[in-house]
Amino acid sequence: MKKISLLLASLCALFLVACSNQKQADGKLNIVTTFYPVYEFTKQVAGDTANVELLIGAGTEPHEYEPSAKAVAKIQDADTFVYENENMETWVPKLLDTLDKKKVKTIKATGDMLLLPGGEEEEGDHDHGEEGHHHEFDPHVWLSPVRAIKLVEHIRDSLSADYPDKKETFEKNAAAYIEKLQALDKAYAEGLSQAKQKSFVTQHAAFNYLALDYGLKQVAISGLSPDAEPSAARLAELTEYVKKNKIAYIYFEENASQALANTLSKEAGVKTDVLNPLESLTEEDTKAGENYISVMEKNLKALKQTTDQEGPAIEPEKAEDTKTVQNGYFEDAAVKDRTLSDYAGNWQSVYPFLEDGTFDQVFDYKAKLTGKMTQAEYKAYYTKGYHTDVTKINITDNTMEFVQGGQSKKYTYKYVGKKILTYKKGNRGVRFLFEATDADAGQFKYVQFSDHNVAPVKAEHFHIFFGGTSQEALFEEMDNWPTYYPDNLSGQEIAQEMLAH
């Protein structure tokens with residue numbers, strides 16, 4: 001047995017040496033990528049400097065993929081491993097824990113890009129109990145051309161940093177490809193800017209970023225599969241929904257079966273078309289010369305079949321409940337007293353992250369999602385709201401320590417009650433009131449917390465109001481609400497948390 005083990009080890013060693021020698025022989029980098037868009041973007045940047053390999057081919061669902069031992073070995077033998085985001089390739093964090101980072105360089109294509117909150121991607125017939133894919137954050141950024149450019153730029157910059165001797169080639173290749181992506185972005189912007197119908201209905205909820213960046217609204221629909229007809233009950237629901245919203249097209253991630261297309265056309269009066277999520281290309285697609293840009297051009301053409309037709313805004317089948325406690329809608333009876341222990345911990349002000357631009361992506365998202373203010377206007381609004389010179393607050397069950405101008409001031413506090421405030425929008429908030437027992441507390445004598453909760457619970461972040469006059473005087477402050485998050489979070493992590501909520 002020992003001889004066999006030694007023989008196998010020797011053969012493995014010889015194999016690895018052979019692979020290493022092969023890499024040295026052609027002088028090219030060995031880059032392993034996860035799924036199609038990552039492969040395509042990396043290949044375009046690396047060009048002839050690398051052998052770029054695709055790990056997850058057509059026919060394999062990237063959301064559900066788990067790497068085999070062979071695939072892991074392939075990654076471990078690479079010079080560079082490129083993936084999109086851990087919310088897409090959920091297996092990557094475990095892999096990275098075992099990877100020899102001195103040998104294999106790793107690139108996360110999304111880099112510091114913030115992601116929108118995820119959700120359930122409904123696929124399959126819900127009458128059969130099939131479930132979609134859940135993402136904590138939505139990873140489908142490659143389906144927006146303007147964000148695809150950012151992915152390419154990050155791959156370019158990462159490869160250039162890792163292999164500076166090839167930087168000029170990477171930059172030249174990336175520039176040529178980005179020019180094509182900019183033309184694609186322009187085609188989308190011009191093609192959709194005058195959309196008569198801004199809502200589109202899709203069976204695969206992967207197009208949120210595309211919709212957001214080009215002024216559209218994705219409406220996801222559940223209980224449909226491209227290769228199976230819905231039940232009679234589901235078909236009746238769809239028929240009512242389609243007619244009520246005057247829906248002309250329902251988009252699938254692949255061609256719907258002729259039987260399904262005929263059924264939907266006959267019973268619901270709606271046509272089907274394809275919006276390709278570009279998670280893979282088939283061998284036939286590749287042979288036909290298809291690529292990211294050509295498929296995205298087809299997606300635009302398909303979308304315009306909806307956007308070029310007049311119609312009312314299409315509402316989701318199930319309306320989202322926005323009147324939650326977190327948004328300021330609650331009964332008085334739900335409001336309970338709280339103690340300082342709810343806020344115990346070490347906290348940092350978010351104001352420095354606003355100043356250094358870390359939150360700029362958050363303001364861009366808010367501007368596009370709400371349409372109420374521009375990115376610059378949101379930044380100005382939050383600059384006033386977050387402004388403070390208290391950089392840190394450390395809280396125990398009965399004390400608060402304020403770090404201001406590099407100096408620490410610590411006082412003991414008692415709980416003195418709560419106050420429900422009604423805002424101009426009609427929603428409400430609760431402030432929980434504390435008062436220092438120290439005579440020299442000065443501007444920190446009176447303190448109020450607001451954290452979007454109305455009953456005892458451990459705060460994840462909070463807004464704080466403090467002053468030396470009275471609690472009543474603090475009730476009048478509505479424009480400045482210094483905000484604090486745990487001090488072990490990075491600015492990037494805080495920004496992502498803000499988007500999540």
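Just so you know, glycine gets a Cβ as well, placed from its N, Cα and C.
Keep in mind the model is a prediction, meaning the values are calculated, not measured.
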Of the candidates His63, His154, which does Swiss-Prot annotate as part of the Zn(2+) site that also includes His140, His204, Glu279? His63
Quick check on the binding-site residues His63, His140: which one has the highest count of other Cβ atoms within 10 Å of its Cβ? His140
Using a 10 Å radius around its CB, how many other CB atoms surround Glu279 (Zn(2+) binding site)? 21
